[in-house]
């Protein structure tokens, strides 16, 4: 909504991190809209304490403060369903930021309804994808709740102007800590941590090694490989090395192990939904292992044509999530197909972690479609008649022979 349209805005629910940007937004909303601000802080595995956000909100006179641990819901209802699809955007990006936004949008509008709030607000800039993801999610779930995006309204355009605003309005910010803060714009959750800005704005400049926070460089990783056994039930990992774990615990464990072995680093230039190209670096240790292992499990248990159909639909599914349409009929339709495909994706995958690489080295399943009697290079005892291949080839080559008989050059 535009800044001119401020009538009847009495309560606003703000997605609040406790950092510089959202602390300034909280004060700006109070002053600009003369409205009560309610804060919502989500723990989705970013690895930082979220409780300090409470003290900062209280210092600004916020009366209703929501701080919630959403790690279990995030992993169970968002990340794991997405990984059943083997979703990758533009061939590389594992959608770590994209998949976190729908849950936050969902809780924002739910809290708004609990408090009879008129609007929600977020700290996403007007250049990025997150504004789209937050707002499309809110529209899908609560079209009557308005969204306020301060970065599209105010005239604060730099970190210096934000710091000046904070000082002028006595906003509780640790200015010394902010000056020492990483030069990169970072975002983290259970699935990944992302880095943008500073030297990364030059797509030819290599990221400095001290930027990476979750993983060692592959060169510094252990010289001895580590093997893991991942147990699957209907497309989801349920245990690691025999230890039963909840989805969020699986991700914590795999992030730790993958990071130790330098797995999951990515440096890409991607096409944002809003139209521009952006360079980002990502660490996704757990996701990298999960994707490789899941494909290994599917290779044993999925029918060929079902697997190929999934592969054809995967880019569309990934694009839907990247662009912010998690709450959409097309995503629901594809999810139903994907979930059906996982009915027999059950068993164990053995992977090897070594110096930035994850390799599937074994797989087994009670629903395996691998028939050793048929596939063997030894005597198959009549399980497969090789003479049948002649008719198969003749029929599949029929159209080619007709083309050739008409004098068409197929070379």
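Note that Cβ sites are derived from N, Cα and C of the backbone, with glycine treated the same way.
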TODO: Name the residue, out of 42, 100, 142, that Swiss-Prot lists for the same ATP site as 15, 16, 17, 18, 19, 20, 21, 22, 23, 123, please.
DONE: 42
Task: Recorded L-citrulline site member, picked from 204, 282, that accompanies 93, 98, 129, 133, 185, 194, 270 in Swiss-Prot - done: 282
- [ ] Using the recorded L-aspartate site (125, 129, 130) as reference, state which further residues of the same chain have their Cβ within 8 Å of the centre of those residues' Cβ atoms, listed in sequence order.
- [x] 124, 127, 128, 131, 132, 133, 274
Task: Per DSSP, three-state class assigned to residue 23 (ATP binding site) - done: helix
- [ ] Among 15, 16, 17, 18, 19, 20, 21, 22, 23, 42, 123, the annotated ATP contacts, find the widest CA pair distance and round it to a whole Å.
- [x] 17
Task: Local Cβ density at residue 133 (L-citrulline binding site) - other Cβ atoms counted within 10 Å - done: 27
TODO: Translate the DSSP assignment of residue 15 (ATP binding site) into the three-state scheme.
DONE: strand
TODO: Quick one: of the binding-site residues 23, 125, 130, which has its CA closest to the CA of residue 270 (L-citrulline binding site)?
DONE: 130
